[in-house]
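Here's the structure, in structure tokens; my notes come after.
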């Protein structure tokens, strides 16, 4: 019965997403709500970026309906103490709702990063207050259990980090949705294995709703108005969803799943690529004196494009790395200690970057746009100037027509 409920929610999520996305594309094209084109962007066509508007409503709707069905209609046990984990799911839905609203405002008129950062910290704090926090490091750094005064702030930091990591890798068609789909699929299967059915349900709902989006994002034809981006509305809610699943798997809590020694390593395996890439990029920006949150072309997928890979090849290569790290860690935690696995991950990450840097230096090619044109050096040199001009125009427009976030 448990598998039937999870499977039904997965199928319904696919159908809802498949039905909602064409409607969203129709509205965005009619209202001309497109992603801006500039020298930093890889795409060179007008493409709507409100695909993420479908995500949080589907997740919230199916979780609430499933909960009502189980309690009032089916009346069967989900093999967890549902009331023990109910607060964390309620706060999850509240957090998704807040990020959904902020994301829509940001995609339509823009929200300063300071405001977004404040909201991210606020929604991240929902988890510790609901009883969901990182309470065990399973021997990583020779640390086992964590007191609340350390574990709760650490949880807030990790959630904010994951939200921004997922948000910042959304620079290549299919990359963000592919990473989240891979991570949710792996965690969903593990939750099924441990009979943590509510978390498996949420993971497969997320996978189901992302399948149609991945198709429209990667294979959709711009000429037929069948292509769409997820925008900040989608990337922030997906990051929050991934953080919830990873921390739930990590937490040493018998109400969620039995104790497993390698939980913390396995839970964050699919996030190694985006988190480490964001950490590296921000460190480089800080070292050269640039604002750490200012976008640039230093992400790993930009390196792949400069090496001559096509957009789709670069996306598949990165998803292959995500899958490799996930499977590698799942296998290795049963053979060696968590600390050695983490050292292996770090060594592999550094080795991969060293190899790609050498290849880029030797075979570097101009960045190819989807139109087949090359982005020349002069265009790259003018990126920051164009961004400054755009930010100034945007700021002037918001000052004139939108007195603030709450004046919209």
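Glycine residues also receive a Cβ, built from the backbone N, Cα and C atoms like all the rest.
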Per TrEMBL record, range annotated region 'Disordered' [choices 357-382, 383-408]: 383-408
The transmembrane segment (200-221) vs the transmembrane segment (50-71): three or more C-beta pairs under 8 Å (separation of 6 or more)? yes
Do any residues, 6 or more residues outside the transmembrane segment (233-251), come within under 8 Å Cβ-to-Cβ of it, and if so which ones? 50-53, 55-56, 59, 88, 92, 95-96, 99-100, 102-104, 106-107, 116, 120, 123-124, 127, 132-136, 155, 158-159, 162-167, 170, 176-177, 180, 183-184, 187, 190-191, 196, 199, 202-203, 206, 210, 213, 257, 263-264, 266-268, 270-271
For the transmembrane segment (263-283), give me same-chain residues lying six or more residues beyond its boundaries with a C-beta closer than 8 angstroms to one of its C-beta atoms, as numbers and ranges. 134, 136-138, 140, 161-162, 164-166, 168-169, 179, 182-183, 186-187, 190, 242, 245-247, 249-250, 252, 292-293, 296, 298-300, 318, 321-322, 325-326, 328-330, 333, 338, 341-342, 345, 349, 353
